[in-house]
Amino acid sequence: MANIENERPRAADTDIMGNAMSMLVRIAQAIALPVAAVLVALICGGILLSLNGFNGWDVFSVMIVGVLQDTRSIAEILLKSIPLILIGVGLCVAFRCSIWNIGAEGQLYAGAVAATIVGVAFEGLTPWIYVPLVMVAGALAGAAWAGIAGLLKVYFRASEIVTTIMLNYIALIGTSYLVTGPLRDAASAYPQSARLLKEAWMPRILPPTRLHIGILVAVALAIAFYVFLFRSSAGYAVRVVGINANAARYAGINVGRNIMIAICISGGMAGLAGAFEVAGVTRRLYQNISPGYGFEGIAVALLANNNPIGAIFSGGLFAILRSGSELMQITAQVPQVLVSVIQGMVILSVVAFGVYRFRSASRSQ
Amino acid sequence: MNTQPFLRMDDIHKRFGDLVASGGVTLEVEENEIHSLLGENGAGKSVLMNILCGVLSPNEGQIIYRGEPLRLGSPREAIRHGIGMVHQHFMLVPNLTVAENYVLGQGMPARVISNMRDVYARIRELSERYGLDVRPDALIQDLSVGEQQRVEILKVLFHGIDLLILDEPTAVLTPQETDRLLVLLRDLVKDGKTVIFISHKLDEVMTVSDRVSVMRDAKVVFTTRAADTNPRELARMMVGRDVLMELPRTNRTPGRTVFSVDGLSCDNEIGLPAVRNVSLEVREGEIVGIAGVSGNGQSELALAMTGLLPVTSGTISLNGEEISRLPPGEVNRRPIGHIPEDRHKMGIVLPLALTENVLLQRYNRPPFAKHGLLKFGTIAEHTRDLIRRFRVKASGEFDLIQNLSGGNQQKLVVARELARDPDFLLINQLTRGIDIGAMELVMQEVLKQREAGRAILLISTELEELFAICDRILVMFHGELVGELPPDRGRIEEMGLLMAGDRQEAARLAAART
């Protein structure tokens, strides 16, 4: 009894300096693992390059210098990071709710299709209305596409891992059908849609580069979803459902509704990414509009430890790797296969460190 | 040689981190008997048996089996020694047939597949001998729970087991299936097998056993021949605990009825009736207890009363309002507090901070939330206050709750529920897994709530806890309320009989008093 009485909570004593320090320590801890993961992957990649007769150091320095050499190349990286950040942020929300949405790729296509349909339809609309309209159309379509998997999970307990993967195929093949059939531009020899109306194009923010307002939207949404997850009641409910559904029910949280919220947010973000691709980059819909952003977005979220702010940086990093790998092929003549292996190593390393973090967290329980 | 028992588990210790699951258990089992192992949930029965069948290895202690020390590295080694266990959760692959499940993991696949005919024949023979009604080609997923259990038992026999361990086999069975199982166990013993039967149901244990050992707090506290004991004694041994200090309690007349339940019935998770026609009422300034051996419907009753389990019939009213059909979120908005049975499963969210656990039911309304955003200042202040008032040992309000000991976690749950200022407080196991000091603190806090005029319902398997603070105690057995007693330690035998479902004997005892 006596020692219980003597035990006094120490929290009240901590001062502002202490809080700031502990905040810094927490941030450092959060960053340490992802940085280590990337370093390990790059070292392994360097060894692999050396084994194949390349100078790993040279290749990487060419790559880094190359991708960051001027405004144009930096703008290209930022452009590539837009879909990665958006998808990564959305998946942070889904993963926090323990929803393993593997279907961001399909949701991106759904968003791209909807943005195209809207983007070719309304002539004479002012960009002030048209641009947001295209974004909303993309986001809604992506959310709806993910929502199918959500409903199947809530009402039939169908694993979203399986259903979202299946929905990917439907979306990809559906897009192929649309651009070869109903949406095909009759004037073109290629299977692609008509060009979106000029008023629906995403305004560029750094001419003459292709960088458009999507990067601002992506960063703003990342911050917004950080606040949502960690500062709002609704986000709290999503997280509790993800950790302990029984406790959520006990707390009066509607588990099914929160599953729908989380999966639709992730789908909506992927759909928005699709809208930005057609209305900001390609300006037409065609078959392979995404080079796998939806899958890479999973690694973006994992590397960020499902923290939306972190996803801004991990999304940027994956964009650098993507541009860098193109440079590796073109400038350093590294074969494509080898580039893919190095990219794979980064993802593998990220996942391995993620598992390590997860295991050490559950050990401390 | 005659003094050497068939099986002796000697001073077995097993710890999981800070949790002591076996604290020096000694158990002796004779050949060719049904030996029941009785005890509350968490008394350490399953852990002990998992040690015996090679799933877990003990930190200390040894097993002497047929006169020789036994060291097991895996369940397969145990099977080689003729020891097999039917687990509470079946270890069957649903999309394989019975025969395929039996040969699984036995090695030598080529030989086995070519000899499937022999496997079938042996299954048919065993099934016939014991009247098990198991078809070797049936798919597991097509079988009912009772059938799957017979498949599990036959699997153990198929592997030529002499010592059969069954972990709470009747928990999933209907009464008819239970009867059938008990007959089967007797047949097995007639055939020369030895059976260890884990249960917390007194009536079954009395029916089937030759000898009974009672486990409590990770130790075997009592072993006897079934013929020499009675359910009353067993119940007392199971729930017995050192007498708590007398807690001061004022006499007060209960006020108006705050909470009442009328004719309530509901089913458990697998759809079997769990609560039957329960009626009770709790008034202002009154603590009503519900005693009973666990597994008699108390968990389901608690969940149904808070909207977490659908009610099949009956009504629940709080302050005159019918709440039995409200979703849990709506029930939470009423002045009702609920300290759940299993804090890890329901009461807390382990990887979150203390602040975020205090927030649990009020995450979306003032004072903790405004315009949809959480107000961390207020939450932290409130959490600090609870930490101070309930002497929760934590490094601060932002500490993760998983870093706290079980007792401190429970204190925080109790603190949170009391702080919600409920008119009606439902408590399911107030002091489970916490030390004496913390126990007194939370009991005193509950008594303070009684003084403040709250209506309190305390479901507990700890009789001492009930005697210490309740104004009257209801007894639950097989989903029904079978009696009501005052918190009088002199009537503990009556209580034991009611807990074992023997109403007539209890009534006779009550009549003899007057």
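For all residues, glycine too, the Cβ spot is worked out from N, Cα and C.
Lifted from TrEMBL, the feature list:
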type: TRANSMEM; residues: A:31-54; note: transmembrane segment
type: TRANSMEM; residues: A:74-94; note: transmembrane segment
type: TRANSMEM; residues: A:106-122; note: transmembrane segment
type: TRANSMEM; residues: A:128-149; note: transmembrane segment
type: TRANSMEM; residues: A:161-179; note: transmembrane segment
type: TRANSMEM; residues: A:211-229; note: transmembrane segment
type: TRANSMEM; residues: A:259-281; note: transmembrane segment
type: TRANSMEM; residues: A:293-321; note: transmembrane segment
type: TRANSMEM; residues: A:333-356; note: transmembrane segment
Practice task
Look over the recorded stretches A:74-94, A:106-122, A:161-179, A:259-281, A:333-356 and say which has the most C-beta pairs under 8 A to the transmembrane segment (A:211-229).
Solution key: A:74-94
Problem - Contact between the transmembrane segment (A:259-281) and the transmembrane segment (A:31-54) (3 or more Cβ pairs under 8 Å, separation 6+) - result: no
Fill in the blank from the handout: Under 8 Å Cβ-Cβ from the transmembrane segment (A:161-179), and at least six residues away from its ends along the same chain, one finds 100-103, 105-107, 109-110, 112-113, 145-146, 148-149, 152-153, 191-193, 285-287, 289, 294
Problem - Surrounding residues of the transmembrane segment (A:293-321) on its own chain - C-beta under 8 Å, 6+ positions past either end - result: 30, 33-34, 37-38, 64, 67-68, 77-78, 80-81, 83-93, 95-96, 102-108, 168, 218-219, 222-223, 225-226, 229, 270, 273, 343, 346-347, 350-351, 354, 357
Problem - Maximum Cβ pairs under 8 Å to the transmembrane segment (A:31-54) - stretch from the list A:74-94, A:106-122, A:333-356 - result: A:333-356
Completion exercise
Same-chain residues at least 6 beyond the ends of the transmembrane segment (A:74-94) with a Cβ under 8 Å from one of its Cβ atoms are 67-68, 100-101, 104, 108, 206, 209-212, 214-215, 217-219, 221-222, 225, 228-229, 235, 238, 262-263, 265-270, 272-274, 276-277, 280-281, 290, 293-294, 296-298, 300-301, 304, 306-308, 311-312, 314-316, 318-320, 322-323
